[in-house]
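Q: Sequence annotations record features per position, and here Swiss-Prot assigns active site, proton acceptor to 93 based on sequence analysis. Residues or ranges marked as substrate binding site in Swiss-Prot (evidence: sequence analysis): 93, 94, 95, 96, 97, 147, 191, 218. The feature region 'RNA binding' is assigned by Swiss-Prot to 249-255, 273-277, with sequence analysis given as support. The feature active site, nucleophile is assigned by Swiss-Prot to 268, with sequence analysis given as support. Per Swiss-Prot, the feature Zn(2+) binding site maps to 306, 308, 311, 337; the stated evidence is sequence analysis.
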């Protein structure tokens with residue numbers, strides 16, 4: 001993987017990730033949003049439909065794909081690309097976040113994490129080395145190191161110990177990744193909770209090890225938005241400029257805009273797909289809750305400015321009807337729209353950076369939403 005930085009507008013960055021795959025060269029234009037395909041599928045969508053929304057890269061979930069279908073079945077197909085028939089780039093998380101979300105079902109040690117399989121109850125063990133092996137079998141184009149996602153709230157001492165262990169796990173992840181002869185990309189994950197000095201130590205340690213990109217982890221885990229913004233404003237300028245920056249598990253449309261304002265290049269989140277299945281649809285001027293009775297006889301399209309299959313062909317009344325009847329097509333049409341909304345948003349962001357009018361775009365974006373622009377505490381780097 002290569003990262004090419006074309007242009008900046010303030011702290012916002014316009015570039016691309018370039019991947020050499022057996023099927024050819026693939027570019028992922030950045031800033032980019034990655035739809036989440038937890039179990040090897042973006043829920044309800046074929047790969048062709050996901051691609052039609054504008055997606056150029058997907059996220060797969062190492063933890064869930066390890067438990068089902070498992071490494072052996074994955075190897076029999078070739079890798080995850082062959083299994084799910086998505087032959088463009090795939091990023092896989094390390095499994096760390098899912099393991100740590102198990103709470104009392106898991107026990108963390110220096111070696112790794114012992115936990116109870118949520119599917120069948122058996123006790124299993126995941127380590128940095130095992131995570132690298134699973135992701136190697138998945139054929140991930142971007143592999144994430146195994147780390148501990150520091151919870152919120154956490155004391156300074158806990159966040160420090162957690163971050164230091166994640167750094168030791170980062171070294172082990174790097175070593176096993178290299179032993180496997182993996183030629184794809186490996187990203188480090190910056191931890192440290194809401195404490196700036198810990199984030200700095202984490203980043204410096206990761207840079208010393210050396211990675212192809214750097215993710216900001218341990219945010220969007222319940223902390224106030226102000227803390228997320230503060231940490232991003234503090235740490236992003238310190239990440240090597242020639243490496244991509246990935247904000248994990250984020251988020252709402254405004255979170256993407258705020259991340260880009262602070263120098264982030266990559267995002268992922270289940271929000272557009274999960275919200276779609278619950279009738280919560282993103283449109284140019286905010287949100288449409290399609291289950292609201294006022295849409296029962298609304299013959300207008302969901303979003304007149306959207307060019308997705310759903311908006312070009314169906315009315316709000318039809319989407320309301322499908323939802324009320326519990327029809328699968330309703331969830332699918334909603335998902336197509338929400339994914340397209342996110343990709344259109346990213347395309348608009350990229351164009352605004354290219355045109356050096358990103359600040360104006362931010363003002364217009366919030367004006368359409370009827371919201372004030374959140375303050376940016378750091379002086380823009382021009």
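Note that Cβ sites are derived from N, Cα and C of the backbone, with glycine treated the same way.
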Q: What same-chain residues, at least 6 away in sequence, bring their CB to under 8 Å of the CB of residue 308 (Zn(2+) binding site)?
A: 53, 336, 337, 340, 341
Q: For the region 'RNA binding' (273-277), what's the model's average pLDDT?
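A: Overall, the region 'RNA binding' (273-277) comes to a mean pLDDT of 99.
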Q: Say we define neighbours as other CB atoms within 10 Å of the CB. Which of the binding-site residues 306, 311 has the fewest?
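A: Output over binding-site residues 306, 311: least Cβ neighbours within 10 Å is 306.
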Q: Taking the Cα atoms as reference points, how far is the residue listed as 'active site, proton acceptor' from residue 147 (substrate binding site) in Å?
A: 10
Q: Which residues of the same chain, at least 6 positions away in sequence, have a Cβ lying under 8 Å from the Cβ of residue 94 (substrate binding site)?
A: 62, 131, 135, 143, 144, 145, 146, 147, 173, 189
Q: If you take the centroid of the Cβ atoms of 306, 308, 311, 337, the listed Zn(2+) site, which other residues of that chain have their Cβ within 8 Å of it?
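A: Residues close to the Zn(2+) site, other than 306, 308, 311, 337: 301, 302, 303, 307, 309, 310, 312, 336, 340, 341.
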Q: Can you tell which of 93, 268 has the most other C-beta atoms within 10 Å, given these are the active-site residues?
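A: Answer by Cβ density within 10 Å: 93.
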Q: To the nearest whole angstrom, what is the C-alpha distance linking residue 268 (active site, nucleophile) and residue 97 (substrate binding site)?
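A: For residue 268 (active site, nucleophile) versus residue 97 (substrate binding site), the Cα atoms are 14 Å apart.
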Q: Would you mind splitting the region 'RNA binding' (273-277) into helix, strand and coil residue counts from DSSP?
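A: Tallied per class, the region 'RNA binding' (273-277) gives 5 helix, 0 strand, 0 coil.
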Q: Using an 8 Å cut-off from the Cβ centroid of 93, 94, 95, 96, 97, 147, 191, 218, can you name the remaining same-chain residues around the substrate site, in sequence order?
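A: Those within range, site residues removed, are 100, 144, 145, 146, 148, 149, 189, 217, 248.
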Q: Please report how many Å separate the Cα atom of residue 191 (substrate binding site) from that of residue 306 (Zn(2+) binding site), as a whole number.
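A: Computed Cα spacing between residue 191 (substrate binding site) and residue 306 (Zn(2+) binding site) is 37 Å.
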Q: I'm trying to understand the geometry here, so how far is the Cα atom of residue 95 (substrate binding site) from the Cα atom of residue 311 (Zn(2+) binding site), in Å to the nearest whole number?
A: 36
Q: Rank the binding-site residues 95, 96, 218 by the number of other Cβ atoms within 10 Å of each Cβ and report the first-ranked residue.
A: 218
